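What TrEMBL annotates here:
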ACT_SITE  205  active site, proton donor
BINDING   9, 10, 11, 12, 13, 14, 15, 16  NADP(+) binding site
BINDING   105  NADPH binding site
BINDING   190  L-homoserine binding site
DOMAIN    349-423  domain 'ACT'
Ligand code: NDP
Ligand code: HSE
């Protein structure tokens, strides 16, 4: 039996998932890869930390030199997170002819082209299936099975933590803070959960998907981003009244060679399949000009689902080791124009607090009218003489028109407060 030695950089949620899968499915993995996959070293930060798995102590090291200098290690599996030292370790590994697997979306989205270029120059394989949507095989899907298509649209729920939080706030009415704490406990959240909540994590993933699906270099800074921090229980309740569910969506659309790239909370029709993607599940819809509509669905975070993608990459390397013929790549044939968010067309939910005085609704409605924003419906809740909530749903309009209207409404007087604006995607159900 041939043996291959790998090193894990990191033994947190995903590292432990990889360890468990290698043990749980060892016989199948031997049959499927032709190798006995052995963990030779595990890099961690804190050697004294209690580990809840029975791992021989001598495998742990805090010194990367123990791995890079060990010629018996063929594959480095980077599961530490962050940009540095993770990227430096991966580049060093490639230069020492070690194949690399990672689940680090932040590193791929920001340094992916350097990593790909170096892997090609060094003739090593570089795989990163776990970096987008956990256990869903979307990267192999795009790079391999869907390569015959021109992709026209990708819309997805690509962050497990925020989907878990929104699901719990919607279905069980628990607080944002409690739901986040649960997501952290379950191992879904990033080391710094701001990355999930403020949608940086989803932006990294959308950046990787856009590069792969639309043959272009995408900078993370060109992606419009809004997190779920401002989604309040009252917005979830209004969404329900209007027949919607709020999800954090990543959206890529190509029209006339221009890309729309945005991540933001979105109201989706309650009867649409995306509205029923709950907890840590992710789903990605895409439209190809040959395959038509496709939906990928599965666990988007967590130790075993992500470990599944990582171990799959290790096996892909072992299967291709002799021929070294397959290098998944971020396409980098130049930049496509990215649409400014002001030019994006959507329907909008707008919640405003106003003093309930005669004429206020008329004033606000006339501002919308002046800016070509047509109102589909409006709800007013609250008692007279108090502050009341006005909720507008607009017809499809340019975001620029909404922003002009909001500027004018804010200038009306001090008691009008724009509480929230949430985009609505009817996803072909209108
Ligand atoms: P954790 O925070 O749970 O684990 C990180 C591990 O890396 C820890 O073992 C830590 O050591 C080690 N580590 C961190 N920095 C260093 C360093 N400078 N030197 C040595 N060791 C270091 O992270 P996750 O397992 O959750 O995530 C790992 C990667 O996988 C990230 O890139 C993440 O974005 C990605 N990912 C995570 C998913 C998930 O569901 N959690 C899903 C998909 C991708 P120590 O144990 O000593 O603290
Ligand atoms: N923190 C990420 C999420 C992990 O919640 O989706 C999976 O990439």
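Just so you know, glycine gets a Cβ as well, placed from its N, Cα and C.
Predicted automatically and left uncurated, TrEMBL annotations should be read as such.
Taking the features listed in TrEMBL, we show where each one sits on the structure.
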| residue | record | Cβ within 10 Å |
| --- | --- | --- |
| 9 | NADP(+) binding site | 25 |
| 11 | NADP(+) binding site | 23 |
| 12 | NADP(+) binding site | 15 |
| 13 | NADP(+) binding site | 22 |
| 14 | NADP(+) binding site | 30 |
| 15 | NADP(+) binding site | 27 |
| 16 | NADP(+) binding site | 21 |
| 105 | NADPH binding site | 27 |
| 190 | L-homoserine binding site | 20 |
| 205 | active site, proton donor | 27 |
Looking only at Cβ atoms, how many others are within 10 Å of the one on residue 10 (NADP(+) binding site)?
23
What is the interatomic distance between the Cα atoms of residue 14 (NADP(+) binding site) and the residue listed as 'L-homoserine binding site', given in whole Å?
11
Return one of helix, strand or coil for residue 205 (active site, proton donor), based on DSSP.
helix
Centre the Cβ atoms of 9, 10, 11, 12, 13, 14, 15, 16, go out 8 Å, and tell me which other residues of that chain have a Cβ in range of the NADP(+) site.
8, 17, 18, 79, 80
For the binding-site residues 9, 10, 11, 12, 15, 16, which residues place their CB under 6 A from an atom of ligand 2?
none
Here's one to test understanding: among the recorded positions 105, 190, 205, whose C-alpha is closest in space to the C-alpha of residue 16 (NADP(+) binding site)?
190
Cα-Cα, whole number of Å: residue 9 (NADP(+) binding site) versus the residue listed as 'NADPH binding site'?
15
Quick one: which of the recorded positions (10, 13, 205) have their CB closer than 6 Å to ligand 1?
10, 13
Secondary structure content, the domain 'ACT' (349-423) (per DSSP, counts of residues):
23 helix, 31 strand, 21 coil
Could you give the Cα-Cα distance between residue 105 (NADPH binding site) and residue 13 (NADP(+) binding site), in whole Å?
15
How many Å lie between the Cα of residue 13 (NADP(+) binding site) and the Cα of residue 205 (active site, proton donor)?
19
What is the separation, in Å, between the Cα atoms of residue 15 (NADP(+) binding site) and residue 190 (L-homoserine binding site)?
14
Spatial neighbour of the residue listed as 'active site, proton donor' that is closest, considering only the binding-site residues 10, 12, 190 and their CA atoms:
190
